[in-house]
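**Student:** Please find one structure pasted underneath; my questions will follow.
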Amino acid sequence: MVCGGFTCSKNALCALNVVYMLVGLLLIGVAAWGKGFGIVSSIHIIGGVIAIGVFLLLIAIIGLIGAVSHHQVMLFIYMVVLILVFIFQFIVSCSCLAMNRSQQEYFLNTTWRRMSNETRLNLEETLECCGFLNTTEARELFNKDVALCSHVCPDPHKCLSCGDKMLNHADEALKILGGVGLFFSFTEILGVWLAFRFRNQKDPRANPSAFL
């Protein structure tokens, strides 16, 4: 049977949703592993990653059930959700790729200010640094963070602040994040196209007089 047929479309849609399920389970597993080993202590970060994993898992399950049973309603819901996810993910990915250094600094500074002391201390220990950025505007907060910091720098003259360390890798990280996001956003468009095509194909094993 050619690849445009019913069986091929069904198998391709099932395979795509199995990949989504594996990615969702991977996100949940990595978040649980990070929390269990104390790599990330913030419940908000852990909860966010797990929520994304569960959401992706649910979408994949809906798509998989819809593909296996050729369920019209489930396939329609699957297409609508994937389109909404694509729009959001495409905008976020493009924003990551377009973000310059001053915008990165503003974003990281805002995020740092909203962090709890526990999360800041955890980051300082992981990155081996103290404080965010030693600038005139943030001098008071920087001194406060340094006073609470437990990391001891072997050479104070060569020590970078956490902001400097994060900004050194932020550009590369954002490009990777944006690129991966764009890749997955186009797989979502592929999923919508496969679901639409499969939804409008007739099951050769079904009653010839039945509607799709």
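Keep in mind that glycine also has a Cβ here, set from the backbone N, Cα and C atoms.
Copying in the features that Swiss-Prot gives for the protein in this structure:
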- 1-12: topological domain 'Cytoplasmic' (TOPO_DOM)
- 13-33: transmembrane segment (TRANSMEM)
- 34-44: topological domain 'Extracellular' (TOPO_DOM)
- 45-65: transmembrane segment (TRANSMEM)
- 66-72: topological domain 'Cytoplasmic' (TOPO_DOM)
- 73-93: transmembrane segment (TRANSMEM)
- 94-175: topological domain 'Extracellular' (TOPO_DOM)
- ASN100: N-linked glycosylation site (CARBOHYD)
- ASN109: N-linked glycosylation site (CARBOHYD)
- ASN117: N-linked glycosylation site (CARBOHYD)
- ASN134: N-linked glycosylation site (CARBOHYD)
- 176-196: transmembrane segment (TRANSMEM)
- 197-212: topological domain 'Cytoplasmic' (TOPO_DOM)
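Are these features on the surface or tucked inside, and what are their neighbours?
**Tutor:** Within its own chain, the transmembrane segment (13-33) is flanked in space by residues 39-40, 46, 49-50, 52-57, 59-61, 63-64, 67-68, 187, 190-191, 194-195, 198, which lie at least six positions past its ends and keep a Cβ under 8 Å from the stretch.
Only residues 6 or more beyond the boundaries of the transmembrane segment (45-65), in the same chain, are considered here, and those with a CB under 8 A from a CB of the stretch are 13-14, 16-18, 20-21, 23-28, 30-32, 34-35, 71, 74-75, 77-78, 81-82, 85, 119, 191, 195.
For the topological domain 'Cytoplasmic' (66-72), same-chain residues at least 6 beyond its ends with a Cβ under 8 Å from one of its own Cβ atoms are 10, 13-14, 17, 78, 195, 198-199, 203, 206, 212.
Residues of the same chain lying 6 or more positions beyond the ends of the transmembrane segment (73-93) and with a Cβ under 8 Å from any Cβ of it are 59, 62-63, 65-67, 177-179, 181-182, 184-185, 188-189, 191-192, 195-196, 198-199.
Cβ contacts within 10 Å of ASN100 (N-linked glycosylation site), excluding its own Cβ and spanning all protein chains shown: 8.
Listed in sequence order, PHE132, LEU133, ALA138, GLY163 are the same-chain residues six or more apart from ASN109 (N-linked glycosylation site) with CB atoms under 8 A from its CB.
Cβ neighbours of ASN117 (N-linked glycosylation site) (same chain, under 8 Å, six or more residues apart in sequence): LEU148.
Non-local neighbourhood of ASN134 (N-linked glycosylation site): PHE142, SER161, each in the same chain, at least six residues away, with C-beta under 8 Å from its C-beta.
The list of residues near the transmembrane segment (176-196) in space but at least 6 beyond its ends in sequence, with Cβ under 8 angstroms from a Cβ of it, reads 9, 12-13, 16-17, 19-20, 63, 66-67, 75, 78-79, 82-83, 85-86, 89-90, 92-97.
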**Student:** Over the topological domain 'Extracellular' (34-44), what does the predicted model average in pLDDT?
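**Tutor:** Mean per-residue confidence for the topological domain 'Extracellular' (34-44): 55 out of 100.
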**Student:** Helix, strand, coil: count each for the residues of the topological domain 'Cytoplasmic' (66-72), based on DSSP.
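**Tutor:** Per-class counts: 5 helix, 0 strand, 2 coil.
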